[in-house]
Amino acid sequence: MDKVMSAVADCILQADSILFIAGAGLSADSGLPTYRGVGALFEGVLTQEGIPIEEAMSNNMLQTRPEVAWKYLWQIGEACYKAKFNRAHQVIAQIEAWKPNTWVWTLNVDGFERAAGSKNLIEIHGQLSELYCVDCSYKTTAEELLAGYSKPMELPPICPACGGLIRPDMELFGEDHMSSSEETFKIVENISFDLIFLIGISRDYPYITKPLYRAKRLNFPIVEINPDWLELLGFKRFQRT
């Protein structure tokens with residue numbers, strides 16, 4: 001074990017409260033592409049329709065051309081359901097079980113943190129597995145309605161209750177980040193975590209910075225695990241590539 005890994009292990013041992021902030025890179029070992037950077041899914045990509053993927057998977061596209069939005073939502077859903085959580089997800093859940101004041105904020109919609117056993121979990125961008133109708137109160141899961149994104153069907157999916165449009169309970173481009181977990185998120189972001197991990201984060205999201213600023217002010221360690229250094233707030237921290 002090298003000096004960095006040994007130092008991080010000591011930080012975990014000494015910490016009473018830990019926050020993991022996870023991005024797409026956490027699921028890279030599950031075979032899912034990251035969104036930006038090395039192996040990126042979205043960077044510089046145009047769809048078959050000749051538009052950026054961010055536009056294709058936007059709230060505006062879902063409203064105006066839902067079949068286009070759902071074409072790419074389906075591809076991501078299919079990839080997620082064919083994959084499974086990896087060792088990193090398991091280790092995070094094990095640390096949470098060992099140290100109950102551990103929380104996980106994930107920007108991912110694949111549900112792997114939950115499947116691996118994390119309980120203190122805020123899925124900031126929602127979940128691909130949860131579906132609802134935009135016109136009525138109907139709610140269901142991808143397993144029930146879409147056979148886990150594996151059942152051939154005409155897109156977009158239609159609500160069996162009212163005939164309205166079905167969508168996943170996740171953030172699309174152009175939407176606010178927060179969902180039903182907003183109240184819990186606001187409580188957790190005010191906790192003074194004495195150790196924070198940034199894992200697989202490709203850019204600075206403004207809504208994850210509050211606990212980072214607090215950790216910086218209190219001189220608590222921040223561990224970044226990324227293939228590229230994330231220039232975020234100028235912290236002194238450990239980095240493992």
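Glycine too: its Cβ is placed from the backbone N, Cα and C atoms.
Feature list (source: TrEMBL):
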type	residues	note
ACT_SITE	His125	active site, proton acceptor
BINDING	Cys133, Cys136, Cys159, Cys162	Zn(2+) binding site
DOMAIN	1-236	domain 'Deacetylase sirtuin-type'
- For His125 (active site, proton acceptor), what is the tally of other C-beta atoms lying within 10 angstroms of its C-beta? 18
- Note on the structure: Ranked by how many other Cβ atoms lie within 10 Å of their Cβ, the binding-site residues Cys133, Cys136 are led by Cys133
- Applying the rule Cβ within 8 Å of the centroid of the Cβ atoms of Cys133, Cys136, Cys159, Cys162, what extra residues of the same chain belong around the Zn(2+) site? Val134, Asp135, Ser137, Tyr138, Pro160, Ala161, Gly163, Gly164, Ile166
- Message: Give me the CA-CA distance between Cys133 (Zn(2+) binding site) and the residue listed as 'active site, proton acceptor', in Å, as a whole number.
- Response: 18
- Item | Between Cys159 (Zn(2+) binding site) and His125 (active site, proton acceptor), the C-alpha gap once rounded to whole angstrom | 22
- Task: Tell me whether Cys133 (Zn(2+) binding site) sits in a helix, a strand or coil according to DSSP.
- Result: strand
- Would you mind reading off the Cα separation of His125 (active site, proton acceptor) from Cys136 (Zn(2+) binding site), to the nearest angstrom? 22
- Item | binding-site residues listed as Cys159, Cys162, least Cβ neighbours within 10 Å | Cys162
